[in-house]
Amino acid sequence: MVKETIQMFLNSVLVVITDLAAGLLGNASFRRHFHLLLSALLLFGPLLNLWVSRYSVFAKRTHFLYRVFLRSGWGWTCIFVGSFVFVLSFSVRRSLTLSLRHLSRLAVAGGLWLGFRKLLCLLENATGSCYEPLSSTLDLASGTNGDQPLLLLREDETKEACVRSGMLWRGYEVSEDALLLCLCCLLLAEETAVFGPYLSLGGPSGGPLRILFLFCVLLLSLWVFLLLCLLAYFPQFPTQLLGGALGCLSWRVLYQGWYRLGPSWYCPGRPGVGVLSTEQPDTDI
């Protein structure tokens, strides 16, 4: 009896929390302005560096959240969003083809992310140079007394090889972390926004589906928090702004451009198409 009461209480809490989150993410005003919120964070977030403590646990790159989640951000996003999209679409239509079509949006975004990483790596290697600090004995001989050390240019080095050998790399960079976090935030907001209309239509919403949705909401909150931490504790202007701009541009091209063409052999369509109705839902941003 006690066990059943606890289960009923936890289920009620789950329903209330997921209903509130679904209502927020499905709200047209929220979806219309969410990318503006991210833009504001990118522009003004670095100003927080004036007030945050450099002794905070979040001021260390070795922090648990950075090591476990940020370095594998795309993997975490694919796991939770992919599971949610598959369970939602398959539970309604029982069509593997439809579920795979909706999952293909993740494949497209993943390919875009890998392409950006390769392109940015080529850009950094083409525009940067590797520098080797002079030995301390040469510093003393030159009378620098330990001031800014002199640097020797090392040609024909890649950034990876330069950093691995303990050298200093200087070149034109775009923040991959800001790009990934902005892209994942916008993707999560788009893919989970259909849950509100889905509940309004009376779709089956068992515990597993609601738990997956809740995990997606928590992951979205975590990505926003990590983006704010990066901007506040590790400000790199304008590299983070450029990375975030690429993430927002990717979302704009995919979800506000290509996917609006409707499902076809060359387009997976927008979230909810074929699940909530046979036509494209009215979820304009």
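Using N, Cα and C of the backbone, Cβ positions are placed for all residues, glycine too.
Keep in mind the model is a prediction, meaning the values are calculated, not measured.
Residues 189, 192-199, 205, 207, 210-211, 213-214, 217, 283 of the same chain sit 6 or more residues outside the transmembrane segment (6-27) yet have a Cβ under 8 Å from a Cβ within it. Residues or ranges marked as transmembrane segment by TrEMBL: 6-27 (among others).
The transmembrane segment feature in TrEMBL is assigned to 34-53 (among others).
Residues or ranges marked as transmembrane segment by TrEMBL: 73-92 (among others).
What TrEMBL lists as transmembrane segment is 178-199 (among others).
Under 8 Å from some Cβ of the transmembrane segment (211-234) lie the Cβ atoms of residues 14, 17-18, 21-22, 25, 38, 41-42, 45-46, 48-49, 52, 54, 56, 58-59, 61, 65-66, 69-70, 73, 76-77, 80-81, 83-84, 87, 175, 177-178, 181-182, 184-185, 188-189, 191-192, 195, 240, all in the same chain and six or more residues away from its ends. The transmembrane segment annotation in TrEMBL covers 211-234 (among others).
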